[in-house]
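Sequence annotations record features per position, and here TrEMBL assigns transmembrane segment to 6-23, 35-53, 59-77, 89-109, 159-179, 199-217, 223-242, 249-269, 275-293. Sequence annotations record features per position, and here TrEMBL assigns domain 'NADP transhydrogenase beta-like' to 6-492.
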Amino acid sequence: MNFVVQLSYLLAAVLFILGLKAMSSPRTARKGIMWAGAGMVLATLVTFLHPAVHGLTNYVLIVIAIAAAGGLAWWSGRRVGMTEMPQMVALYNGMGGGAAAAIAAVEMLRALRTLPNDLQVRAEALAADADISVQAATAALRAEGAGSVGIAGALGADVAILAILGAFIGTVAFSGSLIAWAKLDGRMKRSQLVPGQQIVNIVVFALAVLFGILTFFTDSALVVAVFFALGLLFGVFVAVPIGGADMPVIISLFNALTGLAVGFEGYAIGNPAMIIAGTVVGAAGTLLTQLMAKAMNRPLTNVLFAGWGSSEGATSEGPEGEMKDISAEDAGIMMAYAERVIIVPGYGMAVAQAQHKIWEFVELLQDRGVEVKFAIHPVAGRMPGHMNVLLAEAGVPYDMIFDMEDINEEFAMTDVAVVIGANDVVNPAARDDPSSPIYGMPILNVDEAENVMVIKRGGGAGFSGVENHLFYGENTRMVFGDGQKVAGGMVQAVKGL
Ligand code: NAP
């Protein structure tokens, strides 16, 4: 039976890897999700055959867990709106970290329970051998260090180290992801800094490391509990101050941490599917974190310990001048007579679900011989690849979609740059104003285009809360309204020509 279990884990791991590979392109992503999902179903169901699982109670508990979690995920997955996807991803990511930490907790508590028994058995054997009392034998064993070797003694040093590391990483990913979820869901202020935040973070981290080391040697459940609590606290303290431009970096970091925690705990309980899946997710998440940090121009240590990138302490002055607006119809007609147009989508396009109307509009422009391209900022929207997914869903060909570094120089040669629902990713303050909280974040240089059309409902700030001078530019026209309605108006205007 064990052979079947191990083979199933291997097959599940292969499905995870193939699934992840397929997810790297929008064309095959749907297939990739199905493969990875099938791997997960296999890895879950094979638990019933695991040699360590026996007794009716265990089977009933597994069925209840699968039914409750599967039912909840099915229900929430079906009703979640496209704009709520990022917070759902953050939530599920947190669950992964929490599950890994829970496995570590169970293993450690099991180890603590077996420690006294182990000592008792050895003391009784020694008492019988040496013809002394059990108390004397216990005292002699304790004097030799038995019973004080703690969790490491019961689990083995390698397993204990990985279990402890996985526990810390998992608890941080769990509590941090919950805070990220609350922020993305608008339940919490984007960024909250407590006085001396950097010191607090460093102290909590140092204490967590200290209690991690103590946990290795301890036979006290209290030490283990304090260690877990410190991990949870550190996750909260890391995520609470994050605002402005750092959110994408921290979300992908938590993603990577969850993968690592699962991999470590997989080693601790000897589960190869968890080791492979965790390592793959950890590696992919680490690469994504690096990409995001590079895209935001932010060293990771700054994100973790500094709490910069928040809108607190913003000293940049408010924009001067007035916004000039234009109707959707006039904007559409102007673009119909342009030669080159670049469209920059942002979070507001997802809110308005305007991608289909925008693509209809672009096809009309192309019929008239206008050259149209899409420019995607790496952190546009609320999750990595957010805009690519929306454009793919609308049927925009991939060769029309360009990354920031590939298209940024073309804005200066463009007749009209159309910004639909984007704000922070086109804010010139990030490039020009050293006092701005988002200074240093690379942006799409839409302000260099001959004309800029900004489609949004009002003049307000974006995710970072920083005012946008672009809206007041000489060459900027605001097209006020919901993204989908405005795009519909532009379509009608061009059709009427
Ligand atoms: P943004 O700065 O959040 O701005 C979005 C704009 O869309 C808003 O200013 C809003 O203005 C407009 N909008 C909202 N609903 C709309 C509708 N129905 N129709 C038209 N416009 C609408 O978006 P962004 O430029 O894409 O920048 C992304 C931000 O999110 C960055 O700060 C990034 O750091 C952060 N973030 C990204 C990720 C990621 O992984 N991509 C994750 C977390 C956070 P009105 O209210 O005036 O309409």
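Sequential numbering from 1, following the chain as shown.
In case you wondered, yes, glycine gets a Cβ from its N, Cα and C as well.
Remember, TrEMBL labels are computer predictions, not curated facts.
It should be emphasised that the depicted structure is a prediction, and the values quoted were computed from it without experimental measurement.
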How about long-range neighbours of the transmembrane segment (159-179): same chain, 6 or more residues beyond its ends, C-beta under 8 Å? 90-91, 93-105, 107-108, 111, 151-152, 188, 208, 212, 215-216, 227-228, 231-236, 238-240, 250-251, 254-255, 257-258, 260-265, 267-268
Below 8 angstroms Cβ to Cβ, which residues of this chain, lying six or more residues outside the transmembrane segment (249-269), approach it? 86, 89-90, 93-94, 96-97, 99-101, 103-104, 107, 155, 159, 162-163, 165-167, 169-170, 172-173, 176-177, 180, 238-239, 242, 275-286, 288-289, 291-293, 296, 298, 300, 303-304, 383-384
So what's near the transmembrane segment (6-23) in sequence-distant terms, Cβ-Cβ under 8 Å and 6+ beyond its ends? 29, 31-40, 42-43, 46, 49, 271-273, 276-277, 280-281, 284
